[in-house]
Structure formats: C-alpha cells, structure tokens
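As annotated by Swiss-Prot, N-linked glycosylation site applies to 235. Per Swiss-Prot, the feature motif 'Conserved undecapeptide motif' maps to 137-147; the stated evidence is a curator's inference. Per Swiss-Prot, motif 'Conserved heptapeptide motif' is recorded for 156-162, and the stated evidence type is a curator's inference. What Swiss-Prot records for 1-47 is signal peptide, and it gives sequence analysis as the kind of evidence.
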C-alpha cells in the first residue's frame, strides 16, 4: 500500500484526555488528504461529558454506518490492519448505534431460540485511533446483542462489547504491526510480536471464545475469520459518539468513549 505522507512522531503521556497539539505533516503531493482525520488525533474529547436522551431500537433494526473509505492516512492504516473475527459460538457482532444516536436494546438471555447469527441490516466493527507514547494505537471494538454460553446451566447477559488494541510503529511510509493486545477474561493478552500463524497478510486473526462457564473474550487463532464494515470514531456522527459514551448499555459499556478508551491504551500498552 503506497504512502507518501509522513507523520511527526509525538511523545505524550496521555493522562486521560487527548493532546490537541498532535498533527500530521502533509506534503504538497498529498494535499487532497487535507481532511487528514483531525479526528483520530483530535479525537472529540467531549463525548463522556455530554448528556442527552438515548433512544433504543430492537437489536436487529440498527442500521450500520457505511464502511469507512481510505480517504486519509489514519483510515488507510486502520483498513490495512483490520483484524478478522472468527465466531464459533454465541452471537455474531451486530451494529450498536446508528447515525441518529439510537442504540441497540440487545437481546435477553431468556430468548433461547431467538436468532443472533448476524443482523439483516449488516454488521459493523468500530475503530478509534490515537498516537500514544510515539506509537499508533488503533482499537477495534465489536458489539454483541447478548453474551451467552450453553453449559450445564444457561449463563449470560444482555449486551456485550469485546475489543483489541493494535500497536503500530508509526504513520510512516511502511507501517508495521508490532503488537496486539486482546481484551481477555482478566486484563489483556498481548501478542508481541504477532506470530505468523495468527496473521493473514496484514490482518491479525481473533477468535470470539469462552471457557467452561466464562463469558466470551478474544484470543488469537489460526482459523480465518470474517471482516465487518469498519467505521472509525471520527467518521461517526456526533450523536452516535455521544451515545457510545458511559450513558449507553448500563453495566456493559462501550470501550470507545473517552474514559474507557484512554484507560484501555494505558492498560494495553505493551512496550
């Protein structure tokens, strides 16, 4: 994938809010990318502090955002390294929020025979990027209308999020994936460097799995998975960003809102 844009590597400590002095250096030959995702480096650090009424829709009625285009450097890299997700049990990922800010109401565990093998509206994976301590961190997050396991007893709950943070050397001409930190049962499981058996070209392969009576979590796998339509945080509408903050989904909140996102970067930092 050809890139001529250069980034200015920034060292920052990120105590919880973005450093708005971060920027990309754009050569004249790539000025068409002047939209350079102010987003990922400015990162709209207000979503957690805004309160509004959040409406809910049935889990299979949320319309996903159109997939992001490689129209700026951040989006280009996020698409290049988008991980695959292998599903062998439980629900498939569904859209969590629509352009108006309506969120999924999820699916109760008591709905034993209700299908959750994929939304008729299409699927979605959510991304958010930030330059942290000189490395480009990209979070990929999936929403599941419920998390359940068929064991001697029926275990689970309505609404679930899983995520992984990919750590990339920099936004230079030849970005390289250095580490993957997948949210596990306890903390993060780090794959640094990622082994070739877990890679499919530039895509890291993740599995949505469970163990005994645990909740589902993410782990590396040799099995190929599927791609979902990627939407980046900064390409979402303002209403959607606010709705994915701490007000949505009660105890099973999205990892994309400011507080949880920056906490995840600190906890998953692998170097």
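In case you wondered, yes, glycine gets a Cβ from its N, Cα and C as well.
Residue counts of the motif 'Conserved heptapeptide motif' (156-162) by helix, strand and coil are 0 helix, 7 strand, 0 coil (DSSP-based).
Mapped onto DSSP helix, strand and coil, the motif 'Conserved undecapeptide motif' (137-147) counts 0 helix, 11 strand, 0 coil.
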